[in-house]
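The structure appears below as structure tokens.
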Amino acid sequence: MSCLESHVYKERKFEEESEEVTLDGSVDFHGRPAIRAKSGRWVAAIIILLNQALATLAFFGIGVNLVLFLTRVVGQNNADAANNVSKWTGTVYIFSLVGAFLSDSYWGRYKTCAVFQVIFVIGLMSLSLSSYLFLLKPKGCGNETVSCGKHSKLEMGMFYLSIYLVALGNGGYQPNIATFGADQFDEEHSKEGHNKVAFFSYFYLAFNIGQLFSNTILVYFEDEGMWALGFWLSAGSAFAALVLFLICTPRYRHFKPSGNPISRFSQVLVAASRKSKLQMSSNGEDLFNMDAKEASNDANRKILHTHGFKFLDRAAFISSRDLGDQKGLGYNPWRLCPVSQVEEVKCILRLLPIWLCTIIYSVVFTQMASLFVEQGAAMKTKVSNFRIPPASMSSFDILSVAVFIFFYRRVLDPFVGKLKKTDSKGLTELQRMGVGLVIAVLAMVSAGLVECYRLKYAKQGCLHCNDSSTLSIFWQIPQYAFIGASEVFMYVGQLEFFNAQTPDGLKSFGSALCMTSISLGNYVSSLLVSVVMKISTEDHMPGWIPGHLNKGHLDRFYFLLAALTSIDLIAYIACAKWYKSIQLEAKTGEIDETQV
């Protein structure tokens, strides 16, 4: 009898555990509370990691060599090709903002990822088909020796439609997939909470593995003129990623969209404008705070009142008309806003100067996918009988990122923590971003010096720019390594900073700020190249970035970027000293001031 009772007890316990729901509020595909044993966790997370690796391989299989496709196949000069790559990359990140907005406001992360991945696959298939049928003529063209013929407006229209569908698909997908993967772990559960932290490390590893494969294998095929094969492999990789993602649909955990933040911002601005002529007391006692019942229903932490941007405080000022509204059905949100809502707008306004200072860094970063590739193509790329694809040199950037992540986490962070002798560990986010700007200056100086020596050893009588210098392409390794090191400090620090310093209800907007910074950096790079070429080509001069780099001065452009980044660093230091971190009231009622 005791054995039977024990067996029944074990069966009941197993049933209870299998029906246990998650504690973080996640739901299944049908909107019901997610059952822990039947959803999420590593089963779903591993599928998402594979999905990310395959999608990254597909995207960089196009993006990393696009500048050479534009010069060899489309027939553009170096400056125009670099500009078009910058515009295309910038558009990818603009679409990231669209994807983040749709995800948070209306669709949720799963639907957003699925829809934009479908668009991504369509764009890649269209690019592969149009290139094979129309652009790669005569057959075998597009390598360093055989040029392709001219293309009609219709053919070029198909090409640009295809690559911008790729930009739309990847842009809308990318800002949501990492967060969706983290959603598969319940942070309120002790074991799953630890797994959630570990997931981000594996996610970054998957991203780098996909990029490393595309920057070596696919780039080799494309550099040898096998563009159609490279594009079809990218399309196949993206399709496999989509199929994997959809197969695991019943297993995913979801969070419902939290609503549109634009209306909250608009309410504060409108309410403050309506009360611009009213007199307010200086102590802030007449400002509107939600009552305890309303505050308890809000899952977000309350932001404490600050004394900056006094004009916006008028939105929370309780006028006589507002008192009349409160006695009736409630307050009008377009005339009166709670202090915490006003502080949300203040937080974003304080972030903007820091955000603006990150744009110049993105100008430096974008050179890796454009001018670095063109510079490498004009160097000695052969080792014995093997030719190194110039775009594959970005592999050293990936290796540098991996090395410096280990160096920062295992060596620098503990060392700085010991020097500080405080509870805070290592460099703050703002300090790390400053270090990233310093290393970016070193990257541009390194690239400029390499270009000086490349010109010194250039073959002046050659007819083509490719391999027109005896200086080995391996001299580019330091500039790629510096870029990788700066990424670890700038982009990782930037992502952590914006997520930490935005209110609880605007975390996706914080991530969108990071990607918009990259986008604007690409557009600024395109504008800068156009201005430099216009000025440097006066009096019939070839300019700094001509079609034949041996006739130009690409080194001067790199040194110009180093100078602009140095000026930006000075402005950044001033903004960082001025910045005041967000102050949140914890659920216990204590003040939680985020350290930066």
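Cβ atoms are placed via backbone N, Cα and C, with glycine included.
Annotated transmembrane segment per TrEMBL: 42-70, 90-107, 114-136, 156-173, 199-221, 227-248, 351-373, 393-412, 433-450, 473-492, 513-537, 557-579, in sequence order.
In this chain, the transmembrane segment (557-579) lies apart from the transmembrane segment (199-221): fewer than three C-beta pairs between them fall below 8 angstroms, excluding pairs fewer than 6 positions apart.
The stretch with the most CB contacts under 8 Å to the transmembrane segment (393-412), chosen from 42-70, 90-107, 199-221, 227-248, is 199-221. Here the transmembrane segment (90-107) has long-range neighbours at 63, 115-116, 164, 167-168, 170-176, 257-261, 508-509, 511-512, 515-516, 518-523, 526, meaning same-chain residues at least 6 beyond its ends whose C-beta is under 8 angstroms from one of its own. Beyond its flanks by at least six residues, the transmembrane segment (114-136) meets 55, 58-59, 62, 73-74, 99, 107, 142, 148, 151, 155, 158-159, 161-173, 227-228, 231-232, 234-235, 238-239, 241-242, 245-246 of its own chain at Cβ-Cβ distances under 8 Å.
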